[in-house]
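Written below as structure tokens is the structure these notes are about.
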Amino acid sequence: MPAPAAAAAAAAIPAHSFKLIPTALFPRPLLRRLRFATTAAAASVPSFEDAPPPPPQQEARSASYFPKKNQTLELECESLAYKGKGVCKVSGTGFVVLCDRALPGERFVGRVTRRKGNYAEVTKLRTISPHRDVVDAPCEYASYCGGCKTQNLLYEAQVRAKEQQVRELIIHVGKFPDNDPEFPAMMKPIVPCDIQFHYRNKMEFSFGSQRWLPRELFEEDRDDTENHALGLHAPGFFDKVLNVNKCLLQSDPANKVLAAVQDCWRDSQLGLSPYDVHSHAGFLKHLMLRTGRDIETGQLEVMVNFVTSSYKPELLKPLVEKITSFPEVVSVVNNVNTSVGNTSAGEEEYTLHGKSTITETLRGLTFQISANSFFQTNTWQAEVLYKLIEECAGLRGDGSEIVLDLFCGTGTIGLTLARRVRHVYGYEVVAQAISDARVNAKLNGITNATFIQGDLNKIDANFGSNFPKPDIVISDPNRPGMHLKLIKFLLKLKAQRIIYVSCNPATCARDLEYLCHGVREQNIEGCYKLKSVQPVDMFPHTPHIECVCLLELC
């Protein structure tokens, strides 16, 4: 999973050969229901499905209404849409606008910044009255950082909003009617996260030559000699960085390292310079901090990864000496990335201190984590997530099942099941992830797991010829979901169970529709029944939602 600022950025869903979802932020069926809600319904802030049908004259009026760019409007936020944008309506029209950082029940003045299809986006100018579940955000950067957008919303209200978003997408995009008698049992209540701060085991900060300051602090904090920054990209900017001294999502030892680096990296005597994305000059690109756990002692251990534009270990030596004074820092590596892109993965990696990996435990297994390997970002909640996956698998207990693990990453899901099944076959496009999966299997003495590198978006007619028919398919795709080629393969394969793990409920709902209802335009018939949808909050204070869905062959 991505770092907060990057994770909060809206990622477009590629069409591939799919039937399009009009927007990843807000599915069109849901937009239509919102758009034609009555003024009375808007005033009472109902749930979407309770909105009564509008009178004909209002429908015509809202269909013809469209606010102008830069127009200011007084609005009330009704709820949160997917990715955390507030859903509001223009009074008297039913016209829908979306506003970042608007929260349910909040009345505010907003300025129209963008017209997009049949809705508009606004920027909040000032709050008239706060939202109904307001709390004080403990983080000083909460109002400006793109990560914790809902930190000032009561946590119970956060999970209610996420559960509602998943429900709406399953109904309107997946086309699973909520009036079906089986729907209440199928749509499970969200599993909250018991730990709401310091839950991230990985954070990536950027060095920048242009420090970003919020408008209200610009004059009082402006210092032309301190334009360099280390922190998170300001929302909407690829070249400006919000300076961050402490992040409440990462561990305390990681915050000590961040503070230590902040304390000295600007010292002109060290000769360090931040990378400039415009001129492509400069040395320091990123600071990645990963937290694991010593297997023997259970103590936290930290890996520090400096991403630089070239290999100059002598420049990093003062920083390395400073941060290795913390006993938790057991690994310092240097990824050298000479490209002009913003990625933190390097072409070369050097170990500057200690070991090249750290370890973590999950479901009784030990995992070795390198600087660039994928691992579930919230270890605590990953235990909950993987337990739910195991329950959905419904293993017979005789060790006879074959498991096909698609988009397996470093093999964490498949390996947690391996000791209770006959064999696990994992597929993943990233070569390093497959290498890590094989190392993790060996580390845990697991011999009945085979990991294969392959692009699941480009499978051909021969795919499936080198493994037996599985009893269980686990699919954990990235945000764009599954390619139609893979969905066709699964419909032909007809495994008894599919467990679909998703970090994007919009594409998840679309893929569930295809697997259960088929694709009429291409004469593809579905053959699965959706048995359960379980939302899981993996990332408190952010708009992201994980889902575990169980499908059984009809």
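Cβ from N, Cα, C; glycine included.
Taken from TrEMBL, the feature domain 'TRAM' covers 66-126. The residues of the domain 'TRAM' (66-126), classed with DSSP into helix (H, G, I), strand (E, B) and coil, number 0 helix, 37 strand, 24 coil.
Annotated S-adenosyl-L-methionine binding site per TrEMBL: Gln376, Phe407, Glu428, Asp476, in sequence order. In sequence order, Tyr427, Glu428, Leu456, Ser475, Asp476, Pro477, Asn478 are the residues near Phe407 (S-adenosyl-L-methionine binding site), counting only same-chain partners six or more apart with C-beta under 8 A.
Residues or ranges marked as active site, nucleophile by TrEMBL: Cys503. Within 10 Å of the C-beta of Cys503 (active site, nucleophile) there are 20 other C-beta atoms, taking all protein chains into account.
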Query raised in the report: Once Gln376, Phe407, Glu428, Asp476 are set aside, which residues in the chain still have Cβ within 8 Å of the Cβ centroid of the S-adenosyl-L-methionine site?
Result: Phe374, Asp405, Cys408, Gly409, Thr410, Thr412, Ile413, Pro477, Val501
Query - Greatest inter-residue Cα distance in Å for the S-adenosyl-L-methionine-binding set Gln376, Phe407, Glu428, Asp476 - result: 16
Query raised in the report: Among the binding-site residues Glu428, Asp476, which residue has its Cβ surrounded by the fewest other Cβ atoms within 10 Å?
Result: Asp476
Report task. Compute the average pLDDT of the predicted model within the domain 'TRAM' (66-126). Result -> 86
